[in-house]
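This report concerns only the one structure given below.
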Amino acid sequence: VSAGNGCGHTLLTPHSGTLSSKNYPGTYPNHTMCRWRLQVPPDTSLLLAFGDVDLEPSEHCAHSSLLLADLQAGTAYGPYCRNSAPSAPLLVTNSSTVTVLFNSTSHRSGRGLLLSYATSQHPGMRGASPGMQRHPWDVVYCPAGCKDIYGDIWGNPSQGYRDTSVLCKAAVHAGVIADELGGQVTLSREKGITLYESAFANGLHSKRGSLSEKRLIFHKVCSLLSPACDDVLEVATFNASSWWHEVDALGQSRSWGAEQAALSTTGHSWAAEPGAKAAWLELDLGTRRNVTGIITKGSSEQHNYYVMSYHISSSRDRKNWRPYRGSSGQEDKVFEGNFDSHGEVSNAFIPPIVARYIR
């Protein structure tokens, strides 16, 4: 729960989360406050990672401050500001409930605050820090809410990521964790490469950038249903709600049929009939498969056509369809699609879909 006019990016879940002050990492506003109430399961306790605490200094942090109150233990941590910063980047509490209080008065500078939390079951937590991600671990725990944190990532799942990338943000981009859930990440450090190409994946843009000493390689944990979960699945049949019968200026016709929808198809793609409502494309995988993600691309023809967003549904019998709701399970997930007609965009299914038919 969060309340107040000084709250910035906030994503709180029962097991992890991320929060920041308003405008972070820009200067936080004057005369604002925010109160976050963090709560994890009662058989666990809270770990808090201070990603950034940059509040204008004042005596006893009287002008702007961060205070953490453990009401169960009757303990308070802080107040914190620039001249009274936390003594360690990770705070281990003995409580499952902590209240975080932020307030500001008139001030001239300061980025504000960025905090992450997880339960005591994840001692290897890596906060949603925007800073340099030099780390000694092979396995880290990334909290929910890292996707919208300020900071750059270079690279893509096939190349790996430059080691100065925001680690947990890169993990979301790679499709190994869902931002709304967080999770454990297994990675290794390998020799860097000359150039990292940019990509748009899972709602995030990475940057095109030059070489680094090391690169981060994220390792996917594949379902036992499909040991090689990175394999491209073969589609037995494509079907669609409709398709466009184009007639050009010379009177020649061309069908943008469903069979043109495969990513490897040369020439024009599938397109629904112009003006069609609730258009859909259907993939028959031939048998029930474990589907871990999707890659989409636009028409790559003289027509600048592409799909900007879409829903996914699945079926085992082509009669009963289940909308994909992702890891949150609350609402049908809207996937961010393409923004031009030629670039490829990846989206991961976390958890995977087990089905024969995908729409």
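Our numbering is plain: 1 for the first residue shown, then up by one each step along the chain.
Yeah, the Cβs are placed from backbone N, Cα and C, and that goes for glycine too.
What you see is a predicted model, and the numbers here were worked out from it, not measured in a lab.
Feature annotations, reproduced from TrEMBL:
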| type | residues | note |
| --- | --- | --- |
| DISULFID | Cys7-Cys34 | disulfide bond |
| DOMAIN | 7-120 | domain 'CUB' |
| DOMAIN | 138-216 | domain 'LCCL' |
| DOMAIN | 229-359 | domain 'F5/8 type C' |
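When the neighbouring Cβ atoms lying within 10 Å are counted for each of the disulfide-bonded residues (Cys7, Cys34), the highest count belongs to Cys34. Mapped onto DSSP classes, the domain 'LCCL' (138-216) shows 8 helix, 31 strand, 40 coil.
Helix, strand and coil counts under DSSP for the domain 'F5/8 type C' (229-359) come to 4 helix, 51 strand, 76 coil.
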